[in-house]
């Protein structure tokens with residue numbers, strides 16, 4: 001599960017993933033976090 005700080009971060013993450021980037025790389029460049037929990041800590045959920 002990915003958690004992003006805002007909609008812009010989510011858009012960057014999704015675009016990166018669509019382009020073939022790994023979850024880790026896309027999370028790093030977008031400011032998102034990859035977590036194992038089912039809910040995001042004070043981040044918008046997707």
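Each residue, glycine too, has its Cβ placed from N, Cα and C.
What Swiss-Prot lists as disulfide bond is 3-40, 4-32, 16-26.
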*Could you state the whole-number distance in Å separating the C-alpha atoms of residue 26 (disulfide bond) and residue 3 (disulfide bond)?*
12
*Taking 26, 40 as the disulfide-bonded residues to compare, which has the smallest set of other Cβ atoms within 10 Å?*
40
*Provide, as an integer number of angstrom, the distance between the C-alpha atoms of residue 4 (disulfide bond) and residue 40 (disulfide bond).*
8
*Please report how many Å separate the Cα atom of residue 40 (disulfide bond) from that of residue 16 (disulfide bond), as a whole number.*
20
_Helix, strand or coil at residue 16 (disulfide bond) [DSSP, three-state]_ = helix
*Using DSSP with the three-state reduction, classify residue 3 (disulfide bond) as helix, strand or coil.*
strand
